[in-house]
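Student: One structure coming up, written as structure tokens, with questions to follow.
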2 protein chains.
Amino acid sequence: MGEFDLIARYFQRDGQVPGVDVGIGDDCAVLTPGTGTQWLVSSDMLVEGRHFLSTVEPARLGHKALAVNLSDLAACGATPRAFTLALALPRVDERFLAGFAQGMFALADAHGIALVGGDTTQGPLNICITVFGEVPNGQAILRSGARPGDDLYVSGTTLGDARLALEVFRGTLSLPGEQFDSVRRAMELPQPRVALGLALRGIATSAIDVSDGLAGDLGHILRRSGVGATLDADALPKSAVLAAQPVEVRREMGLAGGDDYELVFTAPASAREAVQRAAEASATTVTRIGRIEAEPGLRLVDAGGQALPLRLQSFDHFKTP
Amino acid sequence: MGEFDLIARYFQRDGQVPGVDVGIGDDCAVLTPGTGTQWLVSSDMLVEGRHFLSTVEPARLGHKALAVNLSDLAACGATPRAFTLALALPRVDERFLAGFAQGMFALADAHGIALVGGDTTQGPLNICITVFGEVPNGQAILRSGARPGDDLYVSGTTLGDARLALEVFRGTLSLPGEQFDSVRRAMELPQPRVALGLALRGIATSAIDVSDGLAGDLGHILRRSGVGATLDADALPKSAVLAAQPVEVRREMGLAGGDDYELVFTAPASAREAVQRAAEASATTVTRIGRIEAEPGLRLVDAGGQALPLRLQSFDHFKTP
């Protein structure tokens, strides 16, 4: 099967999506923005062994490749509109392609977005997705808007679960079968918090999605906003699996696990009710975990308010953990 | 050097570009479209051994990675606005990164566009660039607009040169040093025909950029437009290097060379003067090489009008040539 047959069989679909005037099949896709909107763009590249293991089901990989990109749109409060896919494959593997496309399109359909273009080539497995989203002018939630006195929140209860699964694969941790299935789902099928991001528009002062670990990614908000924070390490939401781990593991995984795709965000203390309504409207739990302060840097405390040492390192793609 | 230092050192630059509200450093880039415009998007992935050789100078690779994407915008008559870069690197190689960034930004600056985001990760060398361009509503030049009676044109005089260089690298052809330098430049430093594409807006009825070979890429126009064409194989513009080759090599390289990044386009016969003015305005030569006809399929003829056998194959990334 050649390149064009492959695209036609697995990636080209009929049907019009609003705002997409020309999709796959021309030199470029042609998109029409709404009136008074800005376009948001994000691009993520997934490499075997770094972002996924060779053991992953193709459908889960297709889901995850799109999910991690949608998570960036979610962090900005954007409505997803379209995406491109560039794919390098060692060979044409029909089982892989069928599964990958199924998982990717299931998530795309859930968000009403279209694959509008891209590229396929032969090479070491590599998946590069670029997503496009839209916000009304000036309403994107940025990393730079946190202010002293703001509350600090995190979404969901999966923080640290993906890292638990990774440690099982690495052989440094062992979990009963059901617990492993649960954390493996968190690692392989992350749910981008798009609905929460949309609901937080006009409420959150800043946000970021957690891909390299909560403490490290929060650091980006603090630096871009020129503020600091105190974070209660024991207030982090935990899955039942993580809650069953020793306290040191709980803190380490929650604060520096990585691959979480929850949203960390800030909002004024006066907006606590609005945050709760946004959480309910998007059927996503949110947990208050700390406070933004004028003093730069991140300070960790335990449930009793005692300072904890900060010796966590977030995931860096050019360092081997 | 970690991921964020690498981005800061080589890819993050100061200065505002119109339409770019937020660039590198947030979850997404934020772009503001002009009034009454559509957005064009294209994505290309470059893999070592497929799209470039390990011997290429990093600066030339940086140029080419962006050039092949700008070429897609050129084919649609779009004004380039911004791009994202996702890069997988086996290791942090500062000489490579400095050269790559220099070549890429030199071309970006020539077109007044900004790098607005992307991703860096460790993995087998892979470069994925996504470009964004803009056209006034409804003015994108598509592959689907060719009509019987239209003239068929190609830009420039480099058709086949990149393939000549590749054959020298493969050892199937030998060229004197100066000739090799010239075709190697065509292969490694293609010039995207952005100015010509813009000048052809409202004149050309269809266009495509030649990446897989003229005959094959013209086939996309013919199928999308529901038409056929007769093409004079001996009318193809040739560089001095290609002109010095035997007639069979000239035809083969010109028709099915690949990696050319010239524009093939169609325009009504009544627009011949307008096409010449567009060529002059963009300082790009254009050559009339055939005619669009109602009968489907591509017919090759020689300078005397005699039919030539059509046994050319365009480049397919999942077949080894």
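Cβ coordinates come from backbone N, Cα and C, glycine included.
Positions annotated as Mg(2+) 3 binding site by TrEMBL: A:D27, A:D72, A:D209. What TrEMBL lists as Mg(2+) 4 binding site is A:D27, A:S42, A:D72. For A:S43, A:D44, A:D119, the entry in TrEMBL reads Mg(2+) 1 binding site. The Mg(2+) 2 binding site annotation in TrEMBL covers A:D44, A:D72. Annotated substrate binding site per TrEMBL: A:H51, A:D259, A:F315, in sequence order. Taken from TrEMBL, the feature ATP binding site covers A:G118, A:D119, A:R143, A:S211. Positions annotated as Mg(2+) 5 binding site by TrEMBL: A:D212. Marked as domain 'PurM-like N-terminal' by TrEMBL: A:25-135. According to TrEMBL, the domain 'PurM-like C-terminal' annotation covers A:147-301.
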Student: Mind pulling out which binding-site residues among A:S43, A:D44, A:R143, A:S211 sit under 8 Å from chain B, Cβ to Cβ?
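Tutor: It is A:S43, A:D44, A:R143, listed by sequence.
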Student: If one measures from the C-alpha of A:R143 (ATP binding site) to the C-alpha of A:D119 (Mg(2+) 1 binding site), what distance in angstrom results, rounded to a whole number?
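Tutor: It is 31 Å, counting Cα to Cα.
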Student: Over the residue list A:G118, A:D119, A:R143, A:S211, recorded for ATP, what is the maximum interresidue Cα distance in Å?
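Tutor: Between the outermost Cα atoms of A:G118, A:D119, A:R143, A:S211, the distance is 31 Å.
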Student: Tell me the Cβ contacts of A:D44 (Mg(2+) 1 binding site) under 8 Å, same chain only and six or more apart in sequence, or just say none.
Tutor: A:A65, A:V68, A:N69, A:D72, A:C128, A:I129
Student: How many whole Å apart are the CA atoms of A:D259 (substrate binding site) and A:D209 (Mg(2+) 3 binding site)?
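Tutor: A Cα-Cα distance of 10 Å.
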Student: With DSSP, how much of the domain 'PurM-like N-terminal' (A:25-135) is helix, how much strand and how much coil, in residues?
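Tutor: The breakdown for the domain 'PurM-like N-terminal' (A:25-135) reads 35 helix, 47 strand, 29 coil.
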Student: What residues, ordered by sequence, lie under 8 A Cβ-to-Cβ from A:D119 (Mg(2+) 1 binding site) and sit at least six positions away in the same chain?
Tutor: A:L85, A:A86, A:L87
Student: Measuring Cα to Cα, tell me the gap between A:D212 (Mg(2+) 5 binding site) and A:D27 (Mg(2+) 3 binding site) in whole angstrom.
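Tutor: That separation, Cα to Cα, works out to 35 Å.
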Student: What average pLDDT is reported by the model for the domain 'PurM-like C-terminal' (A:147-301)?
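Tutor: It averages 96.
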Student: Distance between A:D27 (Mg(2+) 3 binding site) and A:S43 (Mg(2+) 1 binding site) at the Cα atoms, whole Å?
Tutor: 19
Student: With Cβ-Cβ distance below 8 Å and at least 6 positions apart along the chain, what are the contacts of A:H51 (substrate binding site)? List them in sequence order.
Tutor: A:K64, A:V68
Student: Where the distance is taken from Cα to Cα, which of the binding-site residues A:S42, A:S43, A:D209 turns out closest to A:G118 (ATP binding site)?
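Tutor: When the Cα distances are compared, A:S43 comes out closest.
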Student: Roughly how many Å lie between the Cα atoms of A:S43 (Mg(2+) 1 binding site) and A:S211 (ATP binding site), rounded to a whole value?
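Tutor: Pair distance, Cα basis, whole Å: 13 Å.
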Student: Count the Cβ atoms, other than its own, that fall within 10 Å of the Cβ of A:S42 (Mg(2+) 4 binding site), considering every protein chain shown.
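Tutor: Around A:S42 (Mg(2+) 4 binding site), other Cβ atoms within 10 Å: 29.
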Student: Work through the binding-site residues one by one (A:S43, A:S211) and point out the residue whose CB has the fewest other CB atoms within 10 angstroms.
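Tutor: So among A:S43, A:S211, the binding-site residues given, the one with the fewest Cβ atoms within 10 Å is A:S211.
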Student: Taking DSSP three-state, what's A:D209 (Mg(2+) 3 binding site) in: helix, strand or coil?
Tutor: strand
Student: Counting Cβ neighbours within 10 Å across all chains shown, tell me which of the binding-site residues A:D72, A:D212, A:D259 comes out on top.
Tutor: A:D72
